[in-house]
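S.K.: According to TrEMBL, the record shows the following:
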type     : residues : note
SIGNAL   : 1-20     : signal peptide
DOMAIN   : 21-167   : domain 'Thioredoxin'
DOMAIN   : 429-535  : domain 'ERV/ALR sulfhydryl oxidase'
REGION   : 522-541  : region 'Disordered'
TRANSMEM : 604-622  : transmembrane segment
């Protein structure tokens, strides 16, 4: 009984300390469930991090009998130290990403109930705990890994890992690693001993005993078959004298005939030495892959503020939504269409001080198309028709008038917009990417397909209606002047005004969009998470691509009509109660507001009249009651 009480007390003290350290307000039961749902056994780490996320499901399969070693953090999501530590551990995984085939940087969340047995089996008593497991590790009750003290930053984490690897090699393990033990000979005669026969150059770094540049470079370049990396310490006096060195660190290239050449890195850093080696090898036709350096957290993790768990959950929720949207494929979201429309009217049309002449005519054409085909609900369609009619009656217009009308429409009681002003499928990796241009393209694709669907076969309907509106809008209102100029040049070159059929109008816009994507591919404006591609991709529409890589136009047209049809709109984040009328864009005529007032008044009058009638009937029955006895047939009638 006593041990149980003691154990319970320790658990309570542990929980108390965790709450104090975490600097977070306590999470409700609902929030804890939400946390578990959105972290999906990933805890403080996610699939976008370079760490390997381990769970009870994969831990032993990954650890035992694996050709690579493991450096694993055992942590608790609610632990403030672990929250501070996570950015530093992520930084290590990114920093040594090139070592991934040799050693995995892993994590396992011990606060997850399913992982409890693993953490208990490996005797994890505090968080975070770091353990190293050598290659080909075997399951044994006494084999619990080698505990390593936690470093203060990513540099110390990396150095502690390298020390562990050196210890492994000193004990004749770590065969999968390149040799990172120091070269101790007094000259270069044995520097090619133990390396593969196809190695053409060995790079020798002479450094202080406390430096790790040589070991780091050996690991960084382990995949390059034509070279090897070796290092020696500056206390190897005979070697230092032979190389005539006085400053450290220093680096030399050594050829197979033992001729050597001093290199001159721009700085005494790992990155500078990597660049120097790459530059030396380039004229030798030895290619060294240059990875784009990713920003990582390099500060002291103990000085890092513990994360706000609620904000962390919100971020995970956003990530989950982002992944869900990706999996949905080529669909159109109501939120993107409404956000594009709002931006168009609020920031571009309303931003013009005086709208006259060609600008006014372009705006009239644009609003006419929106009023006919934009997928609004009843009151949204009413707003667009009123806006269209308001502009149609004017010969000159101040953009501020549009802003005021839109401001009124954005009020919640107006029930015009069904979504907040945010992006879903058009959301970029940062606010500098995608957004409005993406939303505008989607909106015009949608309008072109639905104009064709609604108007095909109608007498007098012009297939140019949407393309003409788009051309006029881009020319007169689109905020990017260069983009507008490019579009107009392309429109003229590709014969936008020569389109004569509804199908051709859909295909012309598709062709134009792909031409723009091709032009902007690799441009600095391209979102790295969403590279510009020719649409639709082979993955999304295999039938759209012929075997010779040409387009199968009938299949492309069929695909476009499906993707941008009204039945393919998705309503994530939309209030569908606002959209339940007129979703197909039809002109649902709403009764004038005075009819609504009359209806309300009539309902009130009927209510009062009904109430008075009931009072009168009760009064009548009561008066008859004292004159004679009341029977059922007096009320229901005699048979």
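Just so you know, glycine gets a Cβ as well, placed from its N, Cα and C.
Tell me about the setting of these features in this model.
M.R.: If you look at the region 'Disordered' (522-541), the same-chain residues 6 or more away from its ends with a CB under 8 A from one of its CBs are 329-330, 428-430, 433-434, 510, 513-514, 555-556, 559, 563.
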S.K.: DSSP on the region 'Disordered' (522-541): how many residues come out helix, how many strand, how many coil?
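M.R.: Secondary-structure composition of the region 'Disordered' (522-541): 0 helix, 0 strand, 20 coil.
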S.K.: Mind tallying the domain 'Thioredoxin' (21-167) by DSSP state, helix then strand then coil?
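M.R.: Secondary-structure breakdown of the domain 'Thioredoxin' (21-167): 60 helix, 27 strand, 60 coil.
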